[in-house]
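Here is what TrEMBL records for this protein:
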type: BINDING; residues: A:CYS40, A:ASP42, A:HIS92, A:CYS95; note: Zn(2+) binding site
Protein chains: 2
Amino acid sequence: MASQTPIQSQLESSNEKYASTFTKGHLALPPAKKYAVVTCMDARIDPAAAYGIELGDAHIIRNAGGNAQDALRSLVISEQLLGTEEILLVKHTGCGMLTFDNATAAGLVRQNLGDAGVKELARFAGDFQTFADLEAAVRSDVEFLKGSPLIPETVAISGWIYAVETGKVRKVV
Amino acid sequence: MASQTPIQSQLESSNEKYASTFTKGHLALPPAKKYAVVTCMDARIDPAAAYGIELGDAHIIRNAGGNAQDALRSLVISEQLLGTEEILLVKHTGCGMLTFDNATAAGLVRQNLGDAGVKELARFAGDFQTFADLEAAVRSDVEFLKGSPLIPETVAISGWIYAVETGKVRKVV
């Protein structure tokens, strides 16, 4: 086993405290409130607190940008296997995906990881899923999900923007 | 705009309370502690609380199973664009991905969504990324990341299991 890093030690000591007062071991596998949230991996977002999600209530899918296509496998499992019936997609202000484009990202990979890295980008079709307009990206991801043959028409889908500067969320669509 | 669902109304009312006492609007985009966590979308996991992650400290990537391949695009962005240097991959007991296999999932899609749905599974190569052995899955995902030309060798990568019954996390590798 590799030697312990400070981050790993912190995980262990924090978790020890968490587990010592943990009382939710009885929760069922399927989300109690039957919904799924797709949002960004951004460090400034705490979806449980900011979006009011109690433990056991909802699937929370997070990736760079709160990207719907990236979340598709998880959403199909959420709905077909675990009974969720609603999707909330939440992107946010100040997102990293607004600050660079595919060419910039691919250039950094070439510079830092060489041709072997660039070749491996094929795993996600070389598409970092960046976007230039936040509200348009929310709308287009909601449209993608509404149009997907993998998401039943009965699933309610809404799109939101969370402001990392104020902690406020607003509905876009 | 579509009519409001109860879940959407709950998001709005919960968020109003959250934003009313929000004091973290100054946080920077790059994660302060320079690490990324990959974990499952499971409703019974609150990574911030259970893994001791303060707001602003780490990227949190979540998908069905805490799957490393699915997280690859996000991890490349996390490291190449936003400066993270360590990955913690945390799968968990009682994971839905242990309870079914690809054939079962594809069968449900065919039954509920028809041939159009089945065809669309090509978007993730028809691979739901299920697994039969939890600890082996942690090890194999860590190996995948360690072997990936997209993850620099300097990145520390560890693998963990969170027990939803007790709230306890333990290191696997």
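Using the three backbone atoms N, Cα and C, a Cβ is placed for every residue, glycine included.
These figures come from a predicted structure and were not determined experimentally.
Taking a C-beta cut-off of under 8 Å and a sequence gap of six or more, A:CYS40 (Zn(2+) binding site) has these contacts in its own chain: A:ARG62, A:ASN63, A:ALA64, A:GLY65, A:GLY66, A:VAL90, A:LYS91, A:HIS92, A:CYS95, A:MET97. Contact with chain B, taken as any Cβ pair under 8 Å, is found for the binding-site residues A:ASP42 out of A:CYS40, A:ASP42, A:HIS92. Taking the Cβ of A:ASP42 (Zn(2+) binding site) as reference, residues of its chain lying under 8 Å away and at least six apart in sequence are, in sequence order, A:HIS92, A:GLY94, A:CYS95, A:GLY96, A:VAL164.
Cβ atoms within 8 Å of the centroid of the Cβ atoms of A:CYS40, A:ASP42, A:HIS92, A:CYS95 (the Zn(2+) site) belong to the same-chain residues A:THR39, A:MET41, A:ARG44, A:ILE45, A:GLY65, A:GLY66, A:LYS91, A:THR93, A:GLY94, A:GLY96, A:MET97, A:TYR162, A:VAL164, site residues excluded.
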